Amino acid sequence: MAGCGEIDHSVNMLPTNRKANESCANPAPSLTVPECAICLQTCVHPVSLPCKHVFCYLCVKGASWLGKRCALCRQEIPEDFLDKPTLLSPEELKAASRGNGEYAWYYEGRNGWWQYDERTSRELEDAFSKGKKSTEMLIAGFLYVADLENMVQYRRNEHGRRRKIKRDIIDIPKKGVAGLRLDCEANTVNLARESSADGADSVSAQSGASSVQPLVSSLRPLTSVDGQLTSPATPSPDASTSLEDSFAHLQLSGDSIAERSHRGEGEEDHESPSSGRVPAPDTSVEETESDASSDSEDVSALVAQHSLTQQRLLVPNANQTVSDRSDRSGIDRSVAGGGTVNAGVRSRRPDGQCTVTEV
């Protein structure tokens with residue numbers, strides 16, 4: 001059996017109310033709280049990194065922002081460690097949430113309140129009982145100022161970011177203690193990293209965003225262009241025609257119907273056979289639409305026929321006007337010459353063809 005001298009106990013690890021020579025009286029050593037190498041104090045809610053080094057949870061949190069590595073061995077800290085920390089004593093967290101006194105101190109988070117850790121709560125309670133207007137706190141490597149008059153806290157070097165604090169009873173609903181959630185289910189959810197060193201809850205609303213269904217765009221009805229069904233994203237076959245031709249086609253559609261009423265159904269040419277002009281292909285709007293509706297019609301032929309139809313709709317009025325002017329000019333020349341004069345008047349059509357009218 002090992003003697004008292006063989007047990008390696010330092011005086012600093014023993015409680016303060018015990019002497020060194022009394023260590024042999026009770027050979028069973030008491031559990032000691034490890035010290036944090038970052039804040040140089042006893043660990044509050046100690047956590048163990050994958051490298052087996054132990055620190056305060058908030059100290060690891062503050063150090064991970066400066067560099068995601070262990071403060072001692074420089075081994076990398078996992079990304080999800082702050083969301084799923086390895087606590088050395090999980091029961092200590094539940095005991096801290098129940099508290100030892102009647103009141104506790106809280107700071108504001110999103111959708112709830114967080115309870116301060118025991119050390120910070122003692123400092124706040126001591127300053128409040130002494131009637132101080134403010135006190136400083138070291139949290140996660142940052143110095144915070146607690147304004148006990150306005151009940152807010154802020155970083156000493158950044159006064160713009162303020163957070164509400166309050167002193168309330170110990171058993172109010174809370175989110176957790178010092179950034180550690182009390183519910184076990186929250187540890188299984190991959191939460192976003194918190195934005196402040198004091199454990200403020202800044203979880204982004206990822207679940208809300210995932211539940212929002214994407215907007216379903218309503219489909220526009222298919223439109224018919226020359227007998228072909230086209231969607232809004234599909235270009236029409238007559239996309240090469242100009243806007244003026246389309247506008248003229250709409251304006252002259254009423255005139256063409258009126259002309260058909262006194263020319264007769266099926267009459268498309270306005271000139272007589274004796275005009276001497278080479279007749280154009282006998283195509284009508286109805287024929288163009290019927291040809292375009294067939295699947296075997298080529299797209300280029302459809303465009304050519306469509307443009308030719310538009311030109312033919314513009315020709316009758318122009319030819320009639322030119323013929324009237326030619327007749328009048330021929331009559332004037334015959335009267336002025338005192339006899340019959342055969343004058344050939346040439347008029348130019350929009351499609352480049354010329355018509356000769358004999359007087």
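Each residue, glycine too, has its Cβ placed from N, Cα and C.
Between the candidates R69, R74, R163, Swiss-Prot assigns the glycoprotein site shared with Y107, R110, W114, Y144, Q153, K175 to R163. Residues 81-82, 85-89, 92-93, 96, 117-119, 138-142, 177-180, 194, 197-199 of the same chain lie 6+ residues outside the zinc finger (36-74) yet bring a C-beta within less than 8 angstroms of a C-beta in it. Of all Cβ atoms in the protein chains displayed, 21 besides its own lie within 10 Å of the Cβ of K175 (glycoprotein binding site). DSSP assigns K84 (ubiquitin cross-link) to coil, not to a helix or a strand. Counting other Cβ atoms within 10 Å of each Cβ, the recorded positions K84, K94, R110, K130, R163 show the lowest value at K130. Of all the recorded sites in the record (K84, K94, K130), the one with the smallest CA separation from Y144 (glycoprotein binding site) is K130.
When Cα-Cα distances from K175 (glycoprotein binding site) are compared across the recorded sites K84, K94, K130, the shortest belongs to K94.
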